[in-house]
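Asks: Okay, so TrEMBL annotates it like this:
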DOMAIN    113-400  domain 'Sugar phosphate transporter'
TRANSMEM  139-164  transmembrane segment
TRANSMEM  176-197  transmembrane segment
TRANSMEM  203-223  transmembrane segment
TRANSMEM  230-247  transmembrane segment
TRANSMEM  253-270  transmembrane segment
TRANSMEM  291-308  transmembrane segment
TRANSMEM  328-349  transmembrane segment
TRANSMEM  356-377  transmembrane segment
TRANSMEM  383-402  transmembrane segment
């Protein structure tokens, strides 16, 4: 018998590709899907199954590998399982994959993604520092607007033309205003982060940025009254203590840069908490790529008047710089493109790695950025500062582990 699958929407629990599915009458079936036909970018889906039983039976099949079965159908469309895909009434019967898994190529693909993620993240951070501090381009708002313009254009191309992810539309005016609020906070966090790079070395900037979990926990408590386990809060002590130690031992400490960087970190945490609150309903949830598609143009609208008012004649100055040194145009174009690829690779790495792997990679990324920046910019560092940063990262790891255990 062929099964008819109707695509609904939503996420599916992982690791259930070979699970048993009980339908009407208490009968159990198991489904095996050919991995060779499965693209890693496809997301698991929920499907409704129609057979000889009740039409109200709704079951979940597939995992990150098996999701292609329903993704191949358009929304509301239908496909059927070919006969060579095994259906077994015996729950103990061992199913063999119709095609051998390509573990080697999948691992190579993941390593390439992680390398791209690291390169784009560290590259845009170092190039921002170079432009705003070393090169002398002292216009962080205009630089951020260039980033957001590139994100707008590339997001449209990736989603509307290349179909990297399905397009999710804004469904109401309320949702539009919610995304606008998130975009405004996003602008503040990015602009403040770029401003701080004018005054602080990348190593100290990253140490402060590592305290994001502390601000996330504070905002989550204040805005949602969500309380974590006492052990989770305890792990935030080394996070904050490490930054205090790093501040005391930072040879290039700048009070204004420090305050702005703390504000940028707090704004980043606030956006994360607000996003969970404002876009919590199923009808309003957007994946990060679609959210960027809508937030980036809104950010340009916010940043354009800000840069014209606060960074007077920035366009004329940039053109004058370009006449003297055309490299500034290439720096801005390359930097803006990198800013988009930071978001793209972050989305893809999140999709193709486990939560634990992503957590470890994220912590290591900050450390790699610190080492690379010290090697490139030769900024002075102290043993006390490095000890403080290490303590902060250690606290972040403990915090992440505590959060995982309490779930």
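For all residues, glycine too, the Cβ spot is worked out from N, Cα and C.
Provide an account of the burial state, proximal residues and distances for the features listed.
Replies: Using a Cβ-Cβ cut-off under 8 Å and counting only residues 6 or more beyond its ends in the same chain, the transmembrane segment (139-164) has close neighbours at 41, 128, 131-132, 187, 190-191, 194-195, 197-198, 289-290, 292-293, 296-297, 299-300, 303-304, 306-307, 310-311, 314-315, 317-318, 332, 335-337, 339-340, 343-344.
Sequence-distant contacts of the transmembrane segment (176-197) (same chain, at least 6 residues past either end, Cβ-Cβ under 8 Å): 125, 128-129, 132-133, 140-141, 143-144, 147-148, 170, 205, 208-209, 257-258, 260-261, 263-265, 267-268, 270-271, 274-275, 278-279, 284, 286, 291, 294-296, 298-299, 302-303, 306.
Remote same-chain residues near the transmembrane segment (203-223) are listed as 193, 196-197, 232-233, 236, 239-240, 242-243, 246-247, 250, 252-253, 258, 261-262, 264-266, 268-270, 272-274, 277, 366, 369-370, 373-374, 379, 381, 385, 388-389, 392-393, 396, 399-400 (criterion: CB distance under 8 Å, separation of at least six residues from the stretch ends).
Long-range contacts of the transmembrane segment (356-377) within its own chain (CB-CB distance under 8 A, at least 6 residues past either end) are made by residues 114, 117-118, 121-122, 125-126, 129, 134, 201-203, 206-207, 209-210, 349-350, 389, 393, 396-397, 400, 404.
Cβ atoms under 8 Å from those of the transmembrane segment (383-402) belong to residues 203-204, 206-207, 210-211, 213, 228-229, 231-232, 234-251, 359, 363, 366-367, 370 of the same chain, restricted to positions at least 6 beyond its ends.
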Asks: What is the pLDDT of the domain 'Sugar phosphate transporter' (113-400) when averaged and given as a whole number?
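Replies: Over the domain 'Sugar phosphate transporter' (113-400), the predicted model scores a mean pLDDT of 92.
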